[in-house]
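Read through the structure below, which is laid out as structure tokens, and then see the notes.
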Amino acid sequence: MPPSAQTQPKYKRVLLKLSGEALMGEENFGIDPKVLNRMALEIGQLIGIGVQVGLVIGGGNLFRGKALQDAGMDRVTGDHMGMLATVMNALAMRDALERSNIATRVMSAIPMSGVVEHYDRRRAIRDLKEGDVVIFCAGTGNPFFTTDSAACLRGIEIDADVVLKATKVDGVYSDDPMKVADAVKYDRLTYDEVLERKLGVMDLTAICLCRDHGMPVRVFDMNKASALINIVVGMEEGTLIERG
């Protein structure tokens with residue numbers, strides 16, 4: 001049963017990471033409006049109980065650089081194109097949130113005057129305190145860094161209590177549960193266990209960044225009803241990665 005509006009959240013400020021692929025929903029490419037609307041509803045539930053929400057969205061639903069890089073495209077060019085894809089996703093999510101009457105700001109790591117604001121940490125924290133959702137896009141603004149790394153970086157910068165990584169499975173497994181029937185799910189892991197077992201939940205840079213700054217990460221199934229709000233009020237969902 002979902003928590004009531006009177007429920008006290010365990011986390012006051014969270015950084016939610018959505019993959020670009022998650023926005024595709026049942027489509028093969030692009031953005032499924034039904035997914036946007038559902039995420040807007042779930043984020044609205046968090047705002048409703050007083051949780052401050054920062055958001056990072058990947059760009060894999062619109063651009064995947066690996067195939068082009070394999071064909072000879074420069075890596076930096078491909079990464080810049082990927083950053084632009086995250087801006088497009090951020091604009092789509094902002095639109096969905098604002099249609100749900102949720103005040104939202106989009107901040108880009110690369111200047112895009114007239115389209116979105118440039119990232120400003122102090123301004124972002126002020127906006128979060130005022131109850132606005134803040135969407136951080138364009139990754140870190142640098143090539144060679146994933147949006148998982150960007151999510152962890154922004155989470156640390158805005159003093160979030162936890163990074164919530166939304167995926168298509170309900171946590172971290174010993175193997176890919178889509179391919180290996182007897183894959184074991186972990187309820188809790190340390191950063192070092194993730195690295196030693198090469199579990200691949202996030203890239204090395206992202207996990208090391210969280211480890212060095214003590215930022216807990218919870219991996220959960222974004223398609224499970226009420227999973228997001230359950231986590232925020234302290235219920236067990238998915239896998240928690242933290243210090244040992």
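Cβ coordinates come from backbone N, Cα and C, glycine included.
Swiss-Prot lists K17, L18, S19, G20, G60, R64, T167, Y173, D176 with the feature ATP binding site, giving sequence analysis as the kind of evidence. Sequence annotations record features per position, and here Swiss-Prot assigns UMP binding site to G59, D79, T140, G141, N142, P143, F144, F145, T146, T147 based on sequence analysis.
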List of residues, in chain order, with Cβ under 8 A from that of N142 (UMP binding site) and at least 6 apart: A109
Rounded Cα separation (Å) that holds between F144 (UMP binding site) and T167 (ATP binding site): 22
Distance [Cα-Cα, Å, rounded] between G59 (UMP binding site) and S19 (ATP binding site): 7
Which of G59, G60, all binding-site residues, has a Cβ with the fewest other Cβ atoms inside 10 Å: G60
Neighbourhood of T140 (UMP binding site) by C-beta distance under 8 A, where only residues 6 or more apart in the same chain count: A109, S149, A150, L153
Rounded to the nearest Å - Cα separation of T167 (ATP binding site) and T146 (UMP binding site): 15
Cα-to-Cα gap, D176 (ATP binding site) vs T146 (UMP binding site), nearest whole Å: 21
Beyond the site residues G59, D79, T140, G141, N142, P143, F144, F145, T146, T147: chain residues whose C-beta lies within 8 Å of the centroid, for UMP: G82, M83, G139, S149, A150
Surrounding CB atoms that lie within 10 Å of the CB of F144 (UMP binding site), all protein chains: 11
Number of other Cβ atoms within 10 Å of the Cβ of S19 (ATP binding site) across all protein chains: 21
